[in-house]
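Quick notes on the structure that follows.
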Amino acid sequence: MSHTDNSLNTATGELPAGRPLQSTFDDGLDYPRLGSVSFRRGTLTSGQATLWEEHWPQLGRILADERIDVAAWFGRSGHPTIVEIGSGTGTSTAAMAPLEPETNIIAVELYKPGLAKLLGAVVRNGITNIRMVRGDGVEVLNRMFEPESLDGIRVFFPDPWPKARHHKRRIIQSGTLRLFASRLRPGGVLHVATDHAEYAEWISELIHVEPHLEWMGWPWDECPQLTDRQVITKFEGKGLDKNHVITEFLWRKKP
Ligand SMILES: C[S@@+](CC[C@H](N)C(=O)[O-])C[C@H]1O[C@@H](n2cnc3c(N)ncnc32)[C@H](O)[C@@H]1O
């Protein structure tokens, strides 16, 4: 792994120029290849930019080759931690977090305007248990979190990449399931939801592929975590408008 000084970027939330960090996994499993997708840009409104300058340095970080000290970042120890990959504009993140105040929520997203929107909701509503990381969720999990350190991982409405030649970009693959399992503590929960029928089929074929994850089905009444997103998010809403069915997947990390 290469080591770069990201302290400047972390303060501004800009991803460094050049090739994004991309790990090589030598386990023969499939991992998403993001290519140029990781360079997604977007502009902030001037209000968002002001808010970003003031609050991002405390509440946000960018992908870096360093483990996150979760207790120090949240200013409390002994609390469960959930990472959400691809939080988008953070609508469900901001709706769920106040209902799980004892849990540390870390939202990971590439898209800066999405994070800015979530940051706005966090500040306006005085939500204290959300932090954000800007970067590719696969790299963030691999580089910034210790094995068996997370109580939950959420992936809500991941990009479906419907064209066959783009399927390799899908985030749910045998390798990412292995990575998710490695970052979860025994008993930790992986929750994935999609409104894309064909992606649901793709995921269904992978539910038993990772030996460290136990498929729990849906619903799982005794699930130790909040599974209700509380709101219909932008993407979920779009799916519902087209009468799409939402398929939910829950796994538990084996002891
Ligand atoms: C279809 S949107 C869903 C957003 C949100 N979860 C919702 O339900 O409204 C997928 C999001 O995942 C983000 N994303 C895609 N690949 C990612 C990756 N490897 N790491 C982090 N975020 C990613 C995209 O930028 C996009 O905002």
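Residue 1 is the first one shown; counting continues down the chain.
Quick reminder: no glycine exception, Cβ is built from N, Cα and C everywhere.
Source: prediction; values computed, not measured.
The compositional bias 'Polar residues' annotation in TrEMBL covers 1-12. Per TrEMBL, region 'Disordered' is recorded for 1-26. Under the heading S-adenosyl-L-methionine binding site, TrEMBL lists GLU84, GLU109, ASP136, ASP159. Look at TrEMBL and you will find LYS163, ASP195, THR233, LYS234, PHE235, GLU236 tagged as substrate binding site.
Looking only at the binding-site residues GLU84, ASP159, the densest Cβ neighbourhood within 10 Å occurs at GLU84. Fewest other C-beta atoms within 10 Å: among the binding-site residues GLU109, ASP136, ASP195, that description fits ASP195. Across GLU84, GLU109, ASP136, ASP159, which the record gives as binding S-adenosyl-L-methionine, the greatest C-alpha separation is 14 Å. Residue pair ASP195 (substrate binding site) / GLU84 (S-adenosyl-L-methionine binding site) shows a Cα separation of 17 Å. Excluding GLU84, GLU109, ASP136, ASP159 themselves, the residues of that chain whose CB lies within 8 A of the CB mean position for the S-adenosyl-L-methionine site are, in sequence, ILE85, GLY86, SER87, GLY88, VAL108, LEU110, TYR111, GLY137, VAL155, PRO158, ILE171.
Highlighted here would be the binding-site residues (GLU84, LYS163, ASP195) whose C-beta falls below 6 Å from ligand 1, but none qualifies. Note: the CA-CA distance between GLU84 (S-adenosyl-L-methionine binding site) and LYS163 (substrate binding site) rounds to 25 Å. A distance of 22 Å separates the Cα atom of GLU109 (S-adenosyl-L-methionine binding site) from that of LYS163 (substrate binding site).
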